[in-house]
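The active site, proton acceptor annotation in TrEMBL covers Lys46, Tyr267. The annotation substrate binding site is assigned in TrEMBL to Arg145, Met315. If you look up TrEMBL, you'll see 246-372 marked as domain 'Alanine racemase C-terminal'. TrEMBL lists Lys46 with the feature N6-(pyridoxal phosphate)lysine.
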Amino acid sequence: MSDQASCARAGSILTIDLDAVRANYRLLRERGQAGTAQAACAAVLKADAYGLGMGQVAQALVREGCRSFFVAHLDEGIRLRRLVPEDCTIHVMHGAMPGAARDCLAHDLVPVLNDPGQLAEWRALARDLGRALPAALQVDTGMSRMGMAPPDLDRLRQDPDWLKGIDLRLVMSHLACADEPAHPLNEHQRQRFEEVRALFPGVPASLANSSGVFLGGAWHFDLLRPGCALYGINPQPGHANPLAQAVSLAARVVQLRTVAAGDIVGYGARYVAPGERRIATIAIGYADGWLRALTGRSQAFVDGMAVPFAGTVSMDSITLDVTGIAESRIAPGQAVDLLCPQQTVDDVAAQAGTIGYEVLTRLGPRFHRRYVGG
Ligand SMILES: *Cc1c(COP(=O)(O)O)cnc(C)c1O
């Protein structure tokens, strides 16, 4: 009831299709199984599962058989720990901030050790407790963002006890250009990772994000680490997207008006009506993540028909030119579509000059959220 009431009041409605997320997970997992490496498939749930909702997405993936998860922040891991069964492994990609190692352990989270300092803290905790503690090790293979730098790794390895107290569960690295299959860095990083992995016999290895999965079996190793592809973003720009769209978004009409030739619409008077126009104002704006950069470059859909943005995207509203829509077919309260089969997350990202990840992770807290399937 309250959910229905909230939906009836809402200015915009985000629908998250958990069956689509599950289908995307199955497709990625099958990709991993098809390779010679027989890689398992984890799921990256950082940033509230890229804006889709970590709890709902995690539970849908658990039902699909996923048992390995990655988040970025320790607090994301603490939240996720309460949402998934005990036998699930949760990796914290940033590791623990200085002094926070005990929190990581207390919540049964596996830190990704990214530098000698994080390694030293985890070892010290293991020594204090008198037992080995599980961890993943990240090694930088050419992105220079996170993970042990090669000289640090070489130096550390001179001490035969450098991993004392560490129950090493995973060695991982991250690709910088996986969405550009022809980029030479992909092969360079793969070779570098092969060398690194050989230093840790018997320890599972993980290199591929979503796009990495599609580079081919040689990039799969033991564990795939997809994020964006689970949520429907195309991991191979320029190719047909094999993944299902997992979100749709509709915003409702607040007001309709007719403007005359020469009237201005919106901030900065950037739209001047070239003739009589029908303008619909919808209840979504840049505060909801519908980026201001979409001004003059995007559109909505009314019953599948495109209606262009007219005027600057405001904080809470957007004005549309709905002149092409019969008056009987549009009224206040009606929902118009922004993410729909005719316009994907990647389409909107291209209009705004950004990537699908940014569009998804900006999806705002003011939407009424509906979960279907799962
Ligand atoms: C975000 C992230 C992923 C997932 O990347 P996608 O491109 O969304 O599949 C995997 N590994 C690391 C280290 C990440 O930061």
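Our numbering is plain: 1 for the first residue shown, then up by one each step along the chain.
Yeah, the Cβs are placed from backbone N, Cα and C, and that goes for glycine too.
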Calculate the per-residue pLDDT averaged over the domain 'Alanine racemase C-terminal' (246-372) and state the result as an integer.
97
Distance from Arg145 (substrate binding site) back to Lys46 (active site, proton acceptor), taken between C-alpha atoms, in Å:
17
Among Lys46, Arg145, the one of these recorded positions whose Cβ has the fewest neighbouring Cβ atoms within 10 Å:
Arg145
Cα-Cα separation of Tyr267 (active site, proton acceptor) and Met315 (substrate binding site), in Å?
11
For each of Tyr267, Met315, count the other CB atoms within 10 A of its CB; which of these recorded positions has the top count?
Tyr267
From the DSSP assignment alone, can you count helix, strand and coil residues within the domain 'Alanine racemase C-terminal' (246-372)?
27 helix, 48 strand, 52 coil
What does DSSP assign Lys46 (active site, proton acceptor), in three states?
helix
